[in-house]
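Here is the structure we will look at, set down as structure tokens.
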Amino acid sequence: MPTSDFMSEPTTPSASETSRHNIVAGGMGFQIRAFKDSLARWVVWVGGLGVIAALMLIFFYLVSEVAPLFEPAEFHPRPEYAVPGSGKTLYTTVEEQGEVAMRVADNGEVSFFNLTSGAVLVQQKLPIGEQSIVSIAEVSAERGVLAAALSDGSVLRFAHEYEISYPNDKRLITPSLSFPQGEAPLPFMTGPASSLVVRDEGDKAIFLGVDPAKAVHLKAFETTTNMITGESSSEVSGELSFTPPVSADILLVEPLLSWLYVVDQKKGKIAFYRLSGGSQPELVEIKDVGSEVSAAHYLAGGISIVVAQADGKVSQWFPARKDDGEPYLARVREFDPPGDAKLTALGVELRRRSFAVGDETGRVSVFYATSKRLIHSEQALPGAVSQLAFNPRAQVLIAESADGKVHAYDVHNEHPEVSFGALWSKVWYESYDDAKWLWQSSSASADFEPKFSLTPLAFGTLKGAFYAMIFAVPLAVMGAIFVANFMSAELRQVVKPTVELLAALPSVILGFLAGLWLAPFIESNLPGVFLLLVLLPISIPLFGYLWLNLPARLRYFVPAGWEGALLVPVVALVAWFCFAIAKPIEAVAFAGNMQSWMDHTLGIHYDQRNALVVGIAMGIAVIPTIFSIAEDAIFSVPKQLSLGSLALGASPWQTLTGVVLPTASPGIFSAIMIGLGRAVGETMIVLMATGNTPVTDASLFSGMRTLSANVAVEMPESEVGSTHFRLLFLAGLVLFIFTFFFNTLAEVVRARLRKKYASI
């Protein structure tokens with residue numbers, strides 16, 4: 001029966017058609033694979049290039065923020081002009097904005113003049129009658145209060161003030177004089193005071209002066225104000241006098257009236273006195289400067305004094321204490337201005353520990369005391385320098401030459417505190433007994449001396465990473481060896497993902513647990529922790545030895561590769577035993593308090609949040625990374641290598657140590673170095689689990705502060721563009737270099753190890 005076309009049997013393609021179809025399909029498949037390979041190659045190339053570009057951008061951004069710290073200071077001269085007014089200049093200063101300067105002459109003439117042009121703005125004579133001014137004392141440089149010692153022995157206090165207005169949107173500074181205690185000079189001594197110091201504390205004032213016989217007089221005044229008339233009157237509340245063993249040419253008194261310095265300029269001696277209430281000053285010691293003294297002045301903060309010497313050197317001094325607690329005057333550091341000429345003038349900054357010195361040749365040099373840094377030096381004047389002064393913002397420096405010329409400089413000196421020595425070497429800071437590495441960027445006191453040493457931060461970073469690696473590397477690497485070589489496949493599929501899950505645990509959670517639970521737990525169970533460190537390494541091999549000596553019929557109950565699970569109850573039992581007997585041992589052996597025993601007997605101070613806590617917490621964070629990479633490296637060793645070794649008669653341990661581990665060593669080393677890089681850069685764990693104190697103590701029981709934690713804590717509080725702000729970026733740059741170094745070292749060593757063991 002005939003059938004229709006659609007009911008007919010399908011035709012089978014010929015062999016030639018099938019071959020042609022396969023060729024076409026194969027060609028298309030090859031093209032698709034080639035396209036995918038090319039696409040993958042470009043994605044990898046672009047991704048790698050992007051990573052490198054991102055790292056380079058981070059590096060150059062950090063460098064751009066740090067670079068201004070090391071830029072040299074800039075000094076731009078203004079036009080010179082003759083000193084305005086008449087008489088000999090006794091005191092010069094510049095107001096805050098750097099536009100108006102003031103000069104006080106010995107004839108009582110006070111001149112306010114434009115700093116750029118020299119044009120006199122206001123000229124006023126002090127109400128001193130026929131008297132002349134012998135010396136000037138700064139009562140409060142911040143408030144502009146001065147005291148003038150007159151030739152009849154009286155003292156006049158006055159203040160220079162500046163009113164700022166903006167007529168037609170242009171700044172106008174109007175200077176003036178005021179007399180807070182009245183225009184009448186206050187009787188002080190029977191003769192003129194060649195050197196005067198005034199400490200004004202509201203209603204009380206302390207005057208110290210040197211009479212013509214070189215005796216020192218101290219007089220205390222108490223001011224009362226009539227509430228009805230508003231008139232003020234001062235009465236003497238106490239006085240004393242004494243003759244120092246050196247010629248009293250310059251007097252310097254600490255702002256809190258604790259220390260007195262009497263400087264003998266001719267003999268180059270400093271008599272150091274302790275002041276106590278209204279009793280006679282106590283002479284502590286006499287120090288030899290080494291040459292004649294040209295000038296001496298307190299630095300900002302009122303702790304250090306700087307002494308300009310005739311031999312061209314400058315020395316810094318401040319009180320310190322000996323081992324027995326007794327005070328002495330320490331010569332902390334010495335500065336060598338270029339030129340070695342006799343120094344003739346000294347000026348200090350108001351708010352920073354910078355100072356300027358001028359010599360008889362006209363050279364002016366600017367130093368920062370703490371960092372011992374020469375900021376700038378140049379031949380500024382044609383002759384000897386007689387006066388030097390900064391404005392309060394240290395943006396203007398004014399110098400007066402002996403030939404009666406005024407020279408002013410615009411100063412750009414934003415970061416004088418920074419030098420290589422200040423960042424990395426020990427520095428002797430004020431109120432300390434010797435040089436130390438210290439980081440203390442801020443304080444509640446305006447007179448605070450910044451301490452910007454990065455050494456304790458870098459030390460803390462490496463210390464935390466070291467103890468974390470001590471804890472993590474043995475556990476992670478040994479665990480990786482056991483899991484990859486001896487554990488059964490079923491158990492491995494459970495253990496490895498479980499360990500790797502720890503990597504997903506946020507470090508802030510680990511830090512939180514370490515700081516709030518682990519640290520107090522270790523502190524209250526310290527004997528148990530030490531006992532655990534001793535008994536656990538003993539109990540595990542002992543259990544293994546006992547296990548191997550059990551009858552074979554008993555050992556066969558545990559499947560091969562599951563023996564490690566038997567250690568879990570062993571470890572738990574040993575830990576319970578250690579902590580159970582910890583308290584009785586502490587009571588018997590350590591008088592009930594092991595921390596106190598360590599402190600008094602061994603001299604080891606125990607901090608609750610210490611490197612031990614950080615090592616455990618950060619070790620837990622690092623273990624998954626090291627374990628996973630090391631286990632993959634060991635497990636990936638070709639089986640034919642280990643099987644061949646076993647076939648040649650080697651034991652499993654010989655095969656492991658002689659074949660497997662050398663072959664996997666590049667991966668194991670990379671795992672350790674990557675873990676180290678993670679530990680170095682860790683922030684939250686060290687922030688929450690340590691005392692965050694920047695100390696250079698390697699003890700396991702003390703805290704530390706790391707570079708990353710320091711940046712995290714202080715960056716929100718730093719002023720943008722300030723020295724503190726840029727130093728935090730420098731800390732970030734140092735951390736970047738640390739991690740880059742460790743990662744690069746890991747790659748270099750890994751490549752060499754791979755090349756070395758490639759032939760196995």
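Just so you know, glycine gets a Cβ as well, placed from its N, Cα and C.
According to TrEMBL, the protein carries these features:
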type	residues	note
REGION	1-20	region 'Disordered'
COMPBIAS	8-17	compositional bias 'Low complexity'
TRANSMEM	42-63	transmembrane segment
DOMAIN	458-746	domain 'ABC transmembrane type-1'
TRANSMEM	465-487	transmembrane segment
TRANSMEM	499-522	transmembrane segment
TRANSMEM	528-548	transmembrane segment
TRANSMEM	560-582	transmembrane segment
TRANSMEM	611-635	transmembrane segment
TRANSMEM	656-676	transmembrane segment
TRANSMEM	725-746	transmembrane segment
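Within the chain, the transmembrane segment (611-635) has long-range Cβ neighbours (under 8 A, six or more residues past its boundaries) at 463-465, 467-473, 475-477, 479-481, 483-485, 496, 499-503, 505, 507, 510-511, 513-515, 518-519, 522, 529, 660-661, 664, 666-668, 670-672, 674-675, 678-679, 682, 685-686, 689-690, 699-704. Within the chain carrying the transmembrane segment (725-746), a Cβ under 8 angstroms from the stretch's Cβ atoms is held by residues 55, 58-59, 62-63, 65-66, 68-69, 415, 418, 423, 441, 452, 454, 457-458, 461, 669-670, 672-674, 676-677, 680-681, 707-708, 710-711, 714-715, 718-719, all 6 or more beyond its ends.
A Cβ distance under 8 Å defines the sequence-distant neighbours of the transmembrane segment (560-582), meaning residues of its chain 6+ beyond its ends; these are 482, 486-491, 525-529, 531-532, 535-536, 539-540, 543, 547.
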